[in-house]
Structure formats: C-alpha cells, structure tokens
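**Q** Summarising the annotation, Swiss-Prot assigns NADPH binding site to Thr10, Gly11, Ser12, Ile13, Gly36, Lys37, Asn38, Asn122, Glu124, Gly203. Sequence annotations record features per position, and here Swiss-Prot assigns 1-deoxy-D-xylulose 5-phosphate binding site to Lys123, Ser149, Glu150, Ser174, His197, Ser210, Asn215, Lys216, Glu219. Per Swiss-Prot, Mn(2+) binding site is recorded for Asp148, Glu150, Glu219, and the stated evidence type is sequence analysis.
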Amino acid sequence: MKNICLLGATGSIGEQTLDVLRMHQDQFRLVSMTFGKNAEKAIPLIRTFQPKYIAVGDMDTYQKVKEASFSHECQIGIGEEGLIEAAVMDEVDIVVNALLGSVGLIPTLKAIEQKKTIALANKETLVTAGHIVKGHAKRYGVPLLPVDSEHSAIFQALQGEQCKNIERLVITASGGSFRDKTRQELESVTIADALNHPNWSMGAKITIDSATMMNKGLEVIEAHWLFDIPYEQIDVVLHKESIIHSMVEFHDRSVIAQLGNPDMRVPIQYALTYPDRLPLPETKRLELWEIGSLHFAKADFERFRCLQFAFESGKIGGTMPTVLNAANEEAVAAFLAGRISFLSIEDLIEQALDRHSVIQDPSLADIQEVDKDTRGYVNSILT
C-alpha cells in the first residue's frame, strides 16, 4: 500500500489522479490533499477518500470546509504552509505535484528534503528552478518521476538504455486549438475558441498554453532538466493525433517511441506504480487499424513564437526561464479575464524577457524576487 499526497486535487490532473486511486484502492491510500478555492468539488472528494490532512487556498475556503460534516477526523491547513504540511507528513510515500504554476516549487523542495518520491505534473517547478530542484533531488536521493505524457513517454523509452547513447529527444505536440489557423486568423480568436482543445481534456490555463505552444516550450525546459539533455538535442514535432507521446533517437539512429490513446491516467498511474505496471481497464485500447494514419509536421518557430521564447530562455538559463514562466502566467490570466487579445500573450512575454538582466546560477531568493518583479511588471503594462 502506497500513501499518497495529492497537491492540486480539484484540477484536471488531480481529478484523473483520483480516478487512478479509485480504481486501485488496494494499492493506494490518499493521506493528504490540497486544493485552492473549489470547496464544492473538494468536499465530496474528502468524504470519499477520507484524507487525514487537507490544505486550502484561503480563509473563506477554510471556513467552508470547516463547516462541512465528515465521518472521519482531519486537519485543515491554509496557504503555502498548508501545502508544505501536506507534502511532508510522515505517512506520505509519494507526493503528486499537480499544482498550477510556480506555487508548486517550495512544497516540492520541502518534500524532497523529507525523502518523499516526487511524481511531478507541475512543470513550472523545474522551469523556474530546475538547477535547485535537481540538486536537491540528487542530494537527498529522491527520484523525480514525470507525470506529463511527453516526459513519461521519454522516461519509458529510456528504461534499460544508457543516457550517453541518446542522440536527441523528440517531443510531440498536437499544435493545440489553433494548429490550422494563420497568424492573421489568430488576431480575432476568442477565449472559447482557445479552450476547445482537439485531443486532451485539461484545465483552462494549460489549454491556453497548448494553443500558444508555450506548454510545449515549458516541456522542452522540463525535459532538459529531467533527462540532463542539452537544448540542441531536443526537437519538437507537430503530431495532431497525439498517439505518439514522444520519442528517443539513439546514436545508431534507432528510435523508441511510446504510443497510446490520449489519456492522462496512463502516465499518472505509471508514475505511481513505477517500476511496476497495473491494469488500467477504463482506458481505451490503442487499435492502429482504427486510426489508419498518423501525421507529422515541423514546428514553425515564427508561427509559434512562444516555443521560440522557451528555447531561447532555456539556452540563456539563469533567471530567464523564471521570467518566461511568470510573464506567461500573468498574460494567460489576463487573456482568460478578457483583458487582452490572444496574440498579446506573446507580446507581453517578449517585453518581459527583453527588459530582464539575467542572474546566472540564481539562489531561491533570487528566483522568488525575479518572479515577483516580473509579475508586477506585466501587470503594470496591463493597467
């Protein structure tokens, strides 16, 4: 029996993680969970899974949970302190970080210090502080298990292989909601258009990131840190069916790919069961004859400027990826609030990157200060 802490229980990854736990109640037990403000969704989950510890985003949500009736005893925490407490509980074996944004960084570091296995769906943790997180994981001997489908695919393809034999990583991208639109057509797209992803069921922020291809850019940076691969050996290819989740090419030109129907429960479960596998009967079996053909195209950096920003920021390193992430989070929030157009997301990110003076090998305090400064700058443009 593995004891699980789930950070971000009411988000898309959180919900699908709970699906996996529900299917394998003899294998996993939820001992702590966190969520932001969605008490209406969380309270039934608390009653079903009966975690010992719950952390919420603010005092209003705390009161709602406090006033709810549960058949079991549970403690309730608030904010970052609550996130940390949930992650470092003695009983916890695996911390699933399904939080949205850079808020996942500190709880992850604290969990690593307590030698908890990390199942990482929160890519911003590695984007903003990859050198710190990887250094921490190495120091404490803690595995970082990828939950993103692309990184899970690479991780699976590398089982039994030596990293020194890697020629390149090929990360696949659906192209998002607007993969067939020209830049001129993108000038008039709506929020509803952007949230209509063709293949995956995801939260609002990551769906917008998919439409701008920033999500793929963040995944490139994450792959760099997870697998210690230079950016020059990471490629992105458009693959609209989302059947091949990513590939590894070796020096002898052999390519190993991981395939499957788009279902996040597969990589989530693999992270929880690694190095073993369990049946996942609720996911659809891949029948290649039903698909018939698979399509690929080269990623156009002029068409997908956010992808270019990510590669450039990653290569520069230091605090530049922190600026990239913070500016993107604020710009996407502004778009979802109806304050800016879709293409303005790129413009705001570019302005934030252009003004930044990079700090190489930043401390955690440096990263937090740059993150705060960047968010303030982007919002000053918006007002």
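In case you wondered, yes, glycine gets a Cβ from its N, Cα and C as well.
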**Q** For Glu124 (NADPH binding site) and Glu219 (1-deoxy-D-xylulose 5-phosphate binding site), determine the Cα separation and express it in whole Å.
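**A** Glu124 (NADPH binding site) and Glu219 (1-deoxy-D-xylulose 5-phosphate binding site) have their Cα atoms 9 Å apart.
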**Q** Measure from the CA atom of Asp148 (Mn(2+) binding site) to the CA atom of Lys123 (1-deoxy-D-xylulose 5-phosphate binding site) and give the result in Å, rounded to a whole number.
**A** 8
**Q** Counting across all protein chains shown, how many other Cβ atoms sit within 10 Å of the Cβ of Asp148 (Mn(2+) binding site)?
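**A** Asp148 (Mn(2+) binding site): 27 neighbouring Cβ atoms within 10 Å.
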**Q** So how many other Cβ atoms are close to Thr10 (NADPH binding site), meaning within 10 Å of its Cβ?
**A** 21
**Q** Would you mind pulling the DSSP three-state label for Gly36 (NADPH binding site)?
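**A** Once the DSSP labels are grouped into three classes, Gly36 (NADPH binding site) ends up as coil.
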**Q** Using C-alpha atoms only, work out the spacing between Asn38 (NADPH binding site) and Asp148 (Mn(2+) binding site) and round it to an integer in Å.
**A** 23
**Q** Rank the binding-site residues Ser12, Asn38, Asn215 by the number of other Cβ atoms within 10 Å of each Cβ, and give the residue at the low end.
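**A** Counting other Cβ atoms within 10 Å of each of the binding-site residues Ser12, Asn38, Asn215, the minimum falls on Asn38.
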